[in-house]
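According to TrEMBL, the transmembrane segment annotation covers 12-30, 42-66, 87-112, 143-162, 171-193, 213-237, 249-275, 295-328, 340-363, 383-401, 422-444, 450-466.
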Amino acid sequence: MEKRQRESWGSRIGFILAAAGSAIGLGNIWRFPYMAGSNGGSAFILIYFVFALVIGLSIMIAEFAIGRRTGLAAVGAYKSINKNWTFAGVLGILTAFFIMGFYPVVGGWALAYVVKSVTGLLSNAGSIADAFGGFISSPVEPLIWMGIFLAMNIFIVARGIAGGIEKASSILLPTLFVLLILIALRSITLPGAGAGIEFLFKPDFSAVTGQTFLAALGQAFFSLSLGMGCMITYGSYLSKSKNLPSNALIVTLMDTIVAILAGLAIFPAVFAYGMEPTAGPGLVFVVVPTIFAEMGALGILFSVIFFIALTVAALTSSISLLEVVTAYLIDERGMERKKAVYISGTIMLVTGIFSSLSLGVMSDVKFLGVGAFDFFDILTDKIFLAIGGLLLAIFVGWVVKKEDLEDELTNGGTIKFPLFNVWYNLIKYVIPVAISIVAIMGIISIEQTSLMIFGLAIIGVLAIFSKKL
Ligand code: PFF
(Lines of atoms letter the chains of each structure in order from A and count residues from 1; the text may use other names and numbers.)
(Lines give C-alpha, C1' and ligand atoms only; values in the text may rest on other atoms or scores of the structure.)
Protein backbone atom coordinates (compact mmCIF):
# COMPACT_ATOMS: atom_id res chain seq x y z
CA MET A 1 0.00 0.00 0.00
CA GLU A 2 1.13 3.55 -0.68
CA LYS A 3 2.48 5.26 2.40
CA ARG A 4 1.60 8.80 3.19
CA GLN A 5 2.29 10.59 6.43
CA ARG A 6 -0.39 9.39 8.84
CA GLU A 7 -2.14 11.95 10.99
CA SER A 8 -1.82 11.59 14.74
CA TRP A 9 -3.24 12.95 17.97
CA GLY A 10 -1.60 16.10 19.30
CA SER A 11 -1.31 14.99 22.94
CA ARG A 12 -2.22 12.23 25.40
CA ILE A 13 -4.95 14.25 27.02
CA GLY A 14 -6.25 15.18 23.58
CA PHE A 15 -6.49 11.53 22.65
CA ILE A 16 -8.23 10.60 25.90
CA LEU A 17 -10.75 13.39 25.46
CA ALA A 18 -11.42 12.36 21.87
CA ALA A 19 -11.83 8.67 22.73
CA ALA A 20 -13.94 9.50 25.78
CA GLY A 21 -15.84 11.97 23.61
CA SER A 22 -16.62 9.15 21.23
CA ALA A 23 -17.73 6.87 24.03
CA ILE A 24 -19.75 9.46 25.92
CA GLY A 25 -22.78 10.39 23.88
CA LEU A 26 -26.47 9.87 23.34
CA GLY A 27 -25.77 6.32 24.50
CA ASN A 28 -25.10 7.59 28.03
CA ILE A 29 -27.54 10.43 28.38
CA TRP A 30 -30.44 9.57 26.07
CA ARG A 31 -30.32 5.80 25.76
CA PHE A 32 -28.88 4.51 29.06
CA PRO A 33 -31.63 6.04 31.24
CA TYR A 34 -34.48 4.81 29.06
CA MET A 35 -32.97 1.35 28.61
CA ALA A 36 -32.48 1.11 32.37
CA GLY A 37 -35.97 2.48 32.93
CA SER A 38 -37.66 -0.02 30.64
CA ASN A 39 -35.55 -3.00 31.73
CA GLY A 40 -36.31 -2.80 35.43
CA GLY A 41 -33.68 -0.31 36.64
CA SER A 42 -31.00 -1.46 39.06
CA ALA A 43 -30.61 -5.10 37.92
CA PHE A 44 -30.07 -3.99 34.32
CA ILE A 45 -27.60 -1.40 35.56
CA LEU A 46 -25.64 -3.96 37.56
CA ILE A 47 -25.40 -6.34 34.58
CA TYR A 48 -24.44 -3.38 32.41
CA PHE A 49 -21.59 -2.39 34.75
CA VAL A 50 -20.18 -5.91 34.77
CA PHE A 51 -20.34 -6.09 30.97
CA ALA A 52 -18.81 -2.64 30.54
CA LEU A 53 -15.97 -3.10 33.01
CA VAL A 54 -15.03 -6.69 32.11
CA ILE A 55 -16.01 -7.31 28.47
CA GLY A 56 -16.02 -3.68 27.34
CA LEU A 57 -12.68 -2.72 28.87
CA SER A 58 -10.96 -5.87 27.54
CA ILE A 59 -12.28 -5.25 24.04
CA MET A 60 -11.27 -1.62 24.14
CA ILE A 61 -7.70 -2.62 25.03
CA ALA A 62 -7.77 -5.09 22.13
CA GLU A 63 -9.12 -2.49 19.68
CA PHE A 64 -6.47 0.08 20.66
CA ALA A 65 -3.76 -2.59 20.30
CA ILE A 66 -4.86 -3.68 16.83
CA GLY A 67 -5.31 -0.12 15.65
CA ARG A 68 -1.92 1.07 16.79
CA ARG A 69 -0.11 -2.10 15.76
CA THR A 70 -1.32 -1.84 12.17
CA GLY A 71 -1.61 1.93 11.97
CA LEU A 72 -4.76 1.39 9.96
CA ALA A 73 -8.50 1.92 10.38
CA ALA A 74 -10.95 -0.96 10.83
CA VAL A 75 -10.89 -2.69 7.44
CA GLY A 76 -7.19 -2.23 6.79
CA ALA A 77 -6.31 -3.39 10.30
CA TYR A 78 -8.05 -6.75 9.89
CA LYS A 79 -6.98 -7.14 6.28
CA SER A 80 -3.30 -6.45 6.88
CA ILE A 81 -3.16 -9.21 9.51
CA ASN A 82 -5.32 -11.79 7.73
CA LYS A 83 -7.22 -11.26 4.48
CA ASN A 84 -9.95 -13.73 5.46
CA TRP A 85 -10.97 -11.36 8.22
CA THR A 86 -11.56 -8.32 6.04
CA PHE A 87 -15.30 -8.82 6.44
CA ALA A 88 -15.13 -8.10 10.17
CA GLY A 89 -13.80 -4.63 9.33
CA VAL A 90 -16.36 -4.15 6.59
CA LEU A 91 -19.08 -5.05 9.08
CA GLY A 92 -17.75 -2.19 11.22
CA ILE A 93 -18.08 0.30 8.35
CA LEU A 94 -21.62 -0.87 7.69
CA THR A 95 -22.42 -0.56 11.39
CA ALA A 96 -21.09 3.01 11.41
CA PHE A 97 -23.38 3.87 8.49
CA PHE A 98 -26.34 2.23 10.20
CA ILE A 99 -25.78 3.97 13.53
CA MET A 100 -25.43 7.23 11.61
CA GLY A 101 -28.77 6.32 10.08
CA PHE A 102 -30.54 7.37 13.27
CA TYR A 103 -27.96 9.08 15.51
CA PRO A 104 -28.07 12.51 13.79
CA VAL A 105 -31.86 12.45 14.02
CA VAL A 106 -31.66 12.33 17.82
CA GLY A 107 -28.73 14.77 17.78
CA GLY A 108 -31.01 17.12 15.84
CA TRP A 109 -33.75 16.76 18.48
CA ALA A 110 -31.25 17.71 21.18
CA LEU A 111 -30.18 20.78 19.23
CA ALA A 112 -33.79 21.76 18.61
CA TYR A 113 -34.53 21.49 22.33
CA VAL A 114 -31.81 24.01 23.18
CA VAL A 115 -33.83 26.53 21.23
CA LYS A 116 -37.25 25.20 22.26
CA SER A 117 -36.30 25.54 25.92
CA VAL A 118 -36.30 29.31 25.52
CA THR A 119 -39.17 29.64 23.05
CA GLY A 120 -42.07 28.49 25.21
CA LEU A 121 -41.74 24.70 25.45
CA LEU A 122 -41.61 24.94 29.23
CA SER A 123 -44.53 27.30 29.65
CA ASN A 124 -47.07 24.48 29.94
CA ALA A 125 -45.75 21.38 31.70
CA GLY A 126 -48.84 19.36 30.78
CA SER A 127 -48.29 19.62 27.04
CA ILE A 128 -44.60 18.69 26.85
CA ALA A 129 -45.20 15.02 25.99
CA ASP A 130 -47.56 15.98 23.17
CA ALA A 131 -45.15 18.62 21.96
CA PHE A 132 -42.39 15.99 21.69
CA GLY A 133 -44.63 13.57 19.80
CA GLY A 134 -45.74 16.34 17.46
CA PHE A 135 -42.20 17.57 16.89
CA ILE A 136 -40.53 14.25 16.04
CA SER A 137 -43.36 13.19 13.74
CA SER A 138 -43.56 16.42 11.78
CA PRO A 139 -42.27 16.15 8.21
CA VAL A 140 -39.95 19.15 7.97
CA GLU A 141 -38.77 20.63 11.27
CA PRO A 142 -36.74 17.65 12.59
CA LEU A 143 -35.14 17.28 9.18
CA ILE A 144 -33.79 20.81 9.34
CA TRP A 145 -32.29 20.24 12.80
CA MET A 146 -30.80 16.93 11.68
CA GLY A 147 -29.28 18.68 8.66
CA ILE A 148 -27.68 21.32 10.89
CA PHE A 149 -26.36 18.65 13.25
CA LEU A 150 -24.89 16.64 10.38
CA ALA A 151 -23.33 19.76 8.89
CA MET A 152 -21.50 20.37 12.21
CA ASN A 153 -20.09 16.84 11.96
CA ILE A 154 -18.93 17.32 8.42
CA PHE A 155 -17.31 20.64 9.30
CA ILE A 156 -15.29 19.11 12.18
CA VAL A 157 -14.24 15.83 10.54
CA ALA A 158 -13.20 17.57 7.31
CA ARG A 159 -10.62 19.43 9.42
CA GLY A 160 -8.87 16.21 10.37
CA ILE A 161 -7.61 14.59 13.53
CA ALA A 162 -5.65 17.01 15.69
CA GLY A 163 -7.13 20.22 14.28
CA GLY A 164 -10.75 19.05 14.16
CA ILE A 165 -11.72 16.11 16.30
CA GLU A 166 -9.19 16.59 19.07
CA LYS A 167 -9.71 20.33 19.39
CA ALA A 168 -13.50 20.09 19.46
CA SER A 169 -13.50 17.30 22.06
CA SER A 170 -11.03 19.10 24.33
CA ILE A 171 -13.41 22.02 24.69
CA LEU A 172 -16.72 20.24 24.60
CA LEU A 173 -16.15 17.28 26.88
CA PRO A 174 -15.13 19.14 30.05
CA THR A 175 -18.12 21.44 29.51
CA LEU A 176 -20.38 18.41 29.46
CA PHE A 177 -19.05 17.09 32.77
CA VAL A 178 -19.68 20.35 34.57
CA LEU A 179 -23.19 20.72 33.16
CA LEU A 180 -24.24 17.18 34.07
CA ILE A 181 -22.95 17.49 37.62
CA LEU A 182 -24.98 20.67 38.06
CA ILE A 183 -28.15 18.99 36.89
CA ALA A 184 -27.59 15.81 38.91
CA LEU A 185 -27.12 17.96 42.04
CA ARG A 186 -30.42 19.71 41.36
CA SER A 187 -32.20 16.40 40.77
CA ILE A 188 -31.00 14.54 43.86
CA THR A 189 -31.86 17.43 46.13
CA LEU A 190 -35.53 17.49 45.08
CA PRO A 191 -37.98 16.32 47.75
CA GLY A 192 -38.88 12.67 47.08
CA ALA A 193 -35.72 11.99 45.08
CA GLY A 194 -34.85 8.95 47.24
CA ALA A 195 -37.13 6.57 45.32
CA GLY A 196 -35.20 7.34 42.13
CA ILE A 197 -31.88 6.63 43.78
CA GLU A 198 -33.28 3.33 45.02
CA PHE A 199 -34.52 2.50 41.51
CA LEU A 200 -30.98 3.04 40.26
CA PHE A 201 -29.00 1.23 42.91
CA LYS A 202 -31.10 -1.33 44.79
CA PRO A 203 -30.98 -4.50 42.68
CA ASP A 204 -34.31 -6.12 41.88
CA PHE A 205 -33.78 -9.22 39.78
CA SER A 206 -37.43 -10.01 39.19
CA ALA A 207 -37.43 -8.14 35.86
CA VAL A 208 -34.39 -9.95 34.41
CA THR A 209 -34.85 -12.08 31.24
CA GLY A 210 -32.64 -13.25 28.34
CA GLN A 211 -33.47 -9.95 26.70
CA THR A 212 -32.07 -8.00 29.64
CA PHE A 213 -28.61 -9.48 29.10
CA LEU A 214 -28.56 -8.79 25.37
CA ALA A 215 -29.89 -5.29 25.98
CA ALA A 216 -27.16 -4.66 28.57
CA LEU A 217 -24.44 -6.07 26.32
CA GLY A 218 -25.60 -4.07 23.30
CA GLN A 219 -25.77 -0.97 25.49
CA ALA A 220 -22.24 -1.56 26.81
CA PHE A 221 -20.81 -1.87 23.29
CA PHE A 222 -22.82 1.06 21.99
CA SER A 223 -21.88 3.27 24.90
CA LEU A 224 -18.17 2.44 24.75
CA SER A 225 -18.06 2.72 20.92
CA LEU A 226 -16.92 -0.89 20.60
CA GLY A 227 -17.49 -3.77 18.22
CA MET A 228 -17.29 -1.75 15.03
CA GLY A 229 -13.73 -0.60 14.66
CA CYS A 230 -14.14 2.89 16.06
CA MET A 231 -11.53 2.41 18.77
CA ILE A 232 -9.33 0.57 16.24
CA THR A 233 -9.48 3.70 14.11
CA TYR A 234 -8.79 6.07 17.02
CA GLY A 235 -5.96 3.75 18.19
CA SER A 236 -4.39 3.92 14.74
CA TYR A 237 -3.60 7.60 15.28
CA LEU A 238 -1.79 6.89 18.57
CA SER A 239 1.94 7.16 19.00
CA LYS A 240 3.99 4.22 20.22
CA SER A 241 4.77 5.81 23.59
CA LYS A 242 1.20 5.81 24.94
CA ASN A 243 0.08 3.27 27.56
CA LEU A 244 -2.88 1.50 25.94
CA PRO A 245 -4.36 -0.42 28.91
CA SER A 246 -4.35 2.61 31.20
CA ASN A 247 -5.88 4.84 28.55
CA ALA A 248 -8.60 2.26 27.93
CA LEU A 249 -9.30 2.10 31.65
CA ILE A 250 -9.62 5.87 31.90
CA VAL A 251 -12.00 6.04 28.93
CA THR A 252 -14.15 3.18 30.24
CA LEU A 253 -14.39 4.73 33.69
CA MET A 254 -15.24 8.17 32.31
CA ASP A 255 -18.00 6.68 30.18
CA THR A 256 -19.43 4.74 33.12
CA ILE A 257 -19.32 7.80 35.37
CA VAL A 258 -21.26 9.84 32.82
CA ALA A 259 -23.91 7.12 32.55
CA ILE A 260 -24.28 7.17 36.34
CA LEU A 261 -24.43 10.97 36.32
CA ALA A 262 -27.14 10.87 33.66
CA GLY A 263 -29.08 8.35 35.75
CA LEU A 264 -28.70 10.60 38.79
CA ALA A 265 -29.83 13.59 36.76
CA ILE A 266 -32.96 11.87 35.53
CA PHE A 267 -34.38 9.19 37.85
CA PRO A 268 -34.54 11.06 41.17
CA ALA A 269 -36.49 13.77 39.37
CA VAL A 270 -38.72 11.24 37.57
CA PHE A 271 -39.76 9.80 40.92
CA ALA A 272 -39.90 13.15 42.71
CA TYR A 273 -42.50 14.31 40.18
CA GLY A 274 -44.38 11.00 40.02
CA MET A 275 -43.56 10.24 36.37
CA GLU A 276 -42.95 6.92 34.61
CA PRO A 277 -39.38 5.55 34.29
CA THR A 278 -40.54 3.32 31.41
CA ALA A 279 -41.31 6.21 29.04
CA GLY A 280 -38.88 4.88 26.36
CA PRO A 281 -36.90 6.99 23.87
CA GLY A 282 -38.89 10.08 24.80
CA LEU A 283 -37.75 9.86 28.43
CA VAL A 284 -35.09 12.55 28.31
CA PHE A 285 -37.02 14.80 25.97
CA VAL A 286 -40.23 14.66 27.97
CA VAL A 287 -39.21 14.11 31.58
CA VAL A 288 -36.39 16.62 31.73
CA PRO A 289 -38.31 19.60 30.31
CA THR A 290 -41.31 18.68 32.46
CA ILE A 291 -39.16 18.78 35.56
CA PHE A 292 -37.65 22.09 34.56
CA ALA A 293 -41.01 23.57 33.64
CA GLU A 294 -41.94 23.52 37.31
CA MET A 295 -38.94 25.62 38.29
CA GLY A 296 -39.69 28.89 36.53
CA ALA A 297 -36.89 30.98 35.02
CA LEU A 298 -34.19 28.88 36.61
CA GLY A 299 -35.76 25.85 34.94
CA ILE A 300 -35.35 27.44 31.53
CA LEU A 301 -31.68 27.98 32.26
CA PHE A 302 -31.20 24.37 33.43
CA SER A 303 -33.04 23.07 30.39
CA VAL A 304 -30.87 25.04 27.99
CA ILE A 305 -27.76 23.79 29.79
CA PHE A 306 -28.99 20.20 29.70
CA PHE A 307 -29.73 20.16 25.99
CA ILE A 308 -26.46 21.89 25.13
CA ALA A 309 -24.77 19.09 27.09
CA LEU A 310 -26.74 16.48 25.19
CA THR A 311 -25.91 18.05 21.83
CA VAL A 312 -22.24 18.31 22.75
CA ALA A 313 -22.14 14.68 23.86
CA ALA A 314 -23.85 13.56 20.67
CA LEU A 315 -21.50 15.57 18.50
CA THR A 316 -18.25 14.22 19.93
CA SER A 317 -19.62 10.71 19.30
CA SER A 318 -21.08 11.18 15.86
CA ILE A 319 -17.83 12.69 14.60
CA SER A 320 -16.15 9.41 15.55
CA LEU A 321 -18.73 7.45 13.59
CA LEU A 322 -18.18 9.65 10.57
CA GLU A 323 -14.43 9.25 11.07
CA VAL A 324 -14.71 5.43 10.92
CA VAL A 325 -16.12 5.66 7.40
CA THR A 326 -13.83 8.53 6.38
CA ALA A 327 -10.70 6.73 7.55
CA TYR A 328 -11.71 3.65 5.56
CA LEU A 329 -12.13 5.70 2.40
CA ILE A 330 -8.77 7.42 2.99
CA ASP A 331 -6.84 4.24 3.93
CA GLU A 332 -8.35 1.73 1.55
CA ARG A 333 -9.70 3.79 -1.32
CA GLY A 334 -6.95 6.41 -1.39
CA MET A 335 -9.53 9.19 -1.20
CA GLU A 336 -8.72 12.68 -0.04
CA ARG A 337 -10.15 13.51 3.42
CA LYS A 338 -12.57 16.26 2.42
CA LYS A 339 -14.03 14.25 -0.43
CA ALA A 340 -14.42 11.19 1.82
CA VAL A 341 -16.26 13.28 4.42
CA TYR A 342 -18.63 14.85 1.89
CA ILE A 343 -19.53 11.54 0.26
CA SER A 344 -20.21 9.70 3.52
CA GLY A 345 -22.02 12.72 4.96
CA THR A 346 -24.36 12.78 1.98
CA ILE A 347 -25.26 9.11 2.38
CA MET A 348 -25.91 9.72 6.08
CA LEU A 349 -28.18 12.63 5.24
CA VAL A 350 -30.34 10.37 3.08
CA THR A 351 -30.61 7.55 5.64
CA GLY A 352 -31.29 10.13 8.35
CA ILE A 353 -34.17 11.58 6.33
CA PHE A 354 -35.79 8.15 6.06
CA SER A 355 -35.29 7.52 9.77
CA SER A 356 -36.82 10.81 10.80
CA LEU A 357 -39.78 10.42 8.44
CA SER A 358 -40.40 6.88 9.69
CA LEU A 359 -41.54 8.44 12.97
CA GLY A 360 -44.18 10.49 11.19
CA VAL A 361 -45.43 10.63 7.62
CA MET A 362 -43.76 7.37 6.66
CA SER A 363 -44.78 5.44 9.76
CA ASP A 364 -46.72 2.93 7.64
CA VAL A 365 -43.69 2.04 5.56
CA LYS A 366 -42.19 -1.03 7.19
CA PHE A 367 -39.43 -3.44 6.28
CA LEU A 368 -39.39 -6.74 8.19
CA GLY A 369 -41.90 -5.26 10.60
CA VAL A 370 -40.06 -2.06 11.51
CA GLY A 371 -39.64 1.49 10.23
CA ALA A 372 -36.28 2.94 9.16
CA PHE A 373 -35.37 4.40 12.58
CA ASP A 374 -35.96 1.12 14.41
CA PHE A 375 -34.34 -0.85 11.61
CA PHE A 376 -31.03 0.96 12.06
CA ASP A 377 -31.29 1.08 15.84
CA ILE A 378 -32.27 -2.55 16.50
CA LEU A 379 -29.94 -4.09 13.92
CA THR A 380 -26.89 -2.30 15.28
CA ASP A 381 -27.69 -2.48 18.99
CA LYS A 382 -29.02 -6.03 19.14
CA ILE A 383 -26.80 -7.80 16.66
CA PHE A 384 -24.07 -6.00 14.70
CA LEU A 385 -22.18 -4.63 17.71
CA ALA A 386 -22.37 -7.89 19.67
CA ILE A 387 -21.22 -9.94 16.67
CA GLY A 388 -18.59 -7.31 15.86
CA GLY A 389 -17.26 -7.61 19.41
CA LEU A 390 -17.33 -11.40 19.20
CA LEU A 391 -15.39 -11.37 15.92
CA LEU A 392 -12.82 -8.98 17.35
CA ALA A 393 -12.27 -11.15 20.44
CA ILE A 394 -11.86 -14.30 18.33
CA PHE A 395 -9.54 -12.49 15.93
CA VAL A 396 -7.32 -11.10 18.67
CA GLY A 397 -7.39 -14.29 20.74
CA TRP A 398 -6.88 -16.82 17.96
CA VAL A 399 -5.44 -15.12 14.89
CA VAL A 400 -3.10 -12.40 16.14
CA LYS A 401 0.14 -13.71 17.67
CA LYS A 402 0.31 -13.55 21.46
CA GLU A 403 3.87 -12.15 21.37
CA ASP A 404 2.75 -9.32 19.10
CA LEU A 405 -0.02 -8.41 21.49
CA GLU A 406 2.29 -8.45 24.48
CA ASP A 407 4.80 -6.37 22.57
CA GLU A 408 2.16 -3.83 21.61
CA LEU A 409 0.56 -3.58 25.05
CA THR A 410 3.89 -3.14 26.83
CA ASN A 411 5.27 -0.76 24.20
CA GLY A 412 7.99 -3.21 23.26
CA GLY A 413 8.69 -4.14 26.89
CA THR A 414 9.27 -0.59 28.08
CA ILE A 415 6.14 -0.39 30.25
CA LYS A 416 4.40 -2.98 32.43
CA PHE A 417 0.99 -4.55 31.86
CA PRO A 418 0.84 -6.92 34.85
CA LEU A 419 -2.62 -8.22 33.96
CA PHE A 420 -1.61 -9.22 30.43
CA ASN A 421 -2.34 -12.91 30.95
CA VAL A 422 -5.67 -12.26 32.63
CA TRP A 423 -6.66 -9.99 29.76
CA TYR A 424 -5.46 -12.49 27.16
CA ASN A 425 -7.45 -15.37 28.64
CA LEU A 426 -10.53 -13.20 28.89
CA ILE A 427 -10.25 -12.24 25.21
CA LYS A 428 -9.39 -15.73 24.02
CA TYR A 429 -11.84 -17.86 26.01
CA VAL A 430 -14.18 -16.11 28.39
CA ILE A 431 -15.46 -13.24 26.26
CA PRO A 432 -16.23 -15.20 23.06
CA VAL A 433 -18.19 -17.74 25.12
CA ALA A 434 -19.97 -15.06 27.14
CA ILE A 435 -20.98 -13.01 24.09
CA SER A 436 -22.17 -16.13 22.26
CA ILE A 437 -24.38 -17.20 25.15
CA VAL A 438 -25.85 -13.73 25.62
CA ALA A 439 -26.42 -13.29 21.87
CA ILE A 440 -28.10 -16.66 21.42
CA MET A 441 -30.27 -16.20 24.51
CA GLY A 442 -31.29 -12.74 23.39
CA ILE A 443 -31.80 -13.42 19.70
CA ILE A 444 -34.09 -16.39 20.26
CA SER A 445 -36.27 -14.50 22.69
CA ILE A 446 -36.52 -11.30 20.69
CA GLU A 447 -39.74 -10.18 18.99
CA GLN A 448 -38.18 -9.06 15.70
CA THR A 449 -37.03 -12.51 14.60
CA SER A 450 -37.08 -11.83 10.85
CA LEU A 451 -34.98 -8.70 11.37
CA MET A 452 -32.40 -10.72 13.30
CA ILE A 453 -32.24 -13.35 10.57
CA PHE A 454 -31.79 -10.57 8.02
CA GLY A 455 -28.94 -9.13 10.09
CA LEU A 456 -27.19 -12.48 10.35
CA ALA A 457 -27.66 -12.97 6.59
CA ILE A 458 -25.94 -9.62 5.92
CA ILE A 459 -22.96 -10.72 8.02
CA GLY A 460 -22.87 -14.02 6.11
CA VAL A 461 -22.90 -12.26 2.75
CA LEU A 462 -20.10 -9.94 3.89
CA ALA A 463 -18.05 -12.92 5.04
CA ILE A 464 -18.34 -14.48 1.59
CA PHE A 465 -17.83 -11.46 -0.63
CA SER A 466 -15.72 -8.94 1.18
CA LYS A 467 -12.31 -10.28 0.24
CA LYS A 468 -12.68 -8.20 -2.90
CA LEU A 469 -13.12 -5.00 -0.92
N1 PFF B 1 -20.64 5.69 22.12
C2 PFF B 1 -21.60 6.57 21.52
C3 PFF B 1 -22.68 6.90 22.51
O4 PFF B 1 -22.66 6.38 23.63
O5 PFF B 1 -23.55 7.68 22.17
C6 PFF B 1 -22.18 6.00 20.24
C7 PFF B 1 -21.17 5.38 19.34
C8 PFF B 1 -20.12 6.14 18.84
C9 PFF B 1 -21.23 4.05 19.04
C10 PFF B 1 -19.14 5.57 18.06
C11 PFF B 1 -20.29 3.45 18.24
C12 PFF B 1 -19.25 4.22 17.77
F13 PFF B 1 -18.34 3.68 17.02
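Positions of Cβ are set from backbone N, Cα and C atoms, glycine also.
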Taking a Cβ cut-off under 8 Å, which residues six or more beyond the ends of the transmembrane segment (171-193) line up next to it in the same chain? 17, 20-21, 24, 29, 258, 261-262, 264-269, 271-273, 291, 302, 305-306, 308-309, 312-313, 315-316
Which sequence positions outside the transmembrane segment (295-328), separated from its termini by at least 6 residues, show Cβ-Cβ distances below 8 Å to it? 18, 21-30, 73-76, 89, 92-93, 96-97, 99-100, 103-104, 106-107, 110-111, 113-114, 117-118, 121-122, 149, 152-154, 156-157, 164-165, 168-169, 172-173, 175-176, 179-180, 182-183, 186, 225, 228-230, 233-234, 236, 258, 265, 284, 288-289, 337, 340-341, 344-345, 348
Ranked first among 42-66, 87-112, 213-237, 249-275 for CB pairs under 8 angstroms with the transmembrane segment (143-162): 87-112
Any contact between the transmembrane segment (87-112) and the transmembrane segment (383-401), i.e. 3 or more CB pairs below 8 Å with pairs at least 6 residues apart? yes
For the transmembrane segment (422-444), what are the same-chain contacts with Cβ under 8 Å, counting residues 6+ beyond its ends? 54-55, 58-59, 61-62, 210-211, 213-215, 217, 245, 382-383, 386-387, 389-390, 393-394, 396-398, 402, 405, 409, 452
Which range out of 42-66, 213-237, 340-363, 383-401, 450-466 gives the transmembrane segment (12-30) the most CB pairs under 8 Å? 213-237
In the same chain, which residue numbers or ranges, 6 or more beyond the ends of the transmembrane segment (213-237), come under 8 angstroms Cβ to Cβ? 6-9, 15, 18-19, 22-23, 25, 27-28, 31-32, 35, 39, 44, 47-48, 51-52, 55-56, 59-60, 63-68, 70-75, 77, 89, 91-93, 95-96, 99, 161, 244, 251-252, 255, 259, 317, 320-321, 323-324, 327, 380-382, 384-389, 392, 435, 438-439, 441-443, 446
Tell me whether the transmembrane segment (42-66) sits in contact with the transmembrane segment (383-401), defined here as at least 3 Cβ pairs under 8 Å among residues 6 or more apart in sequence. yes
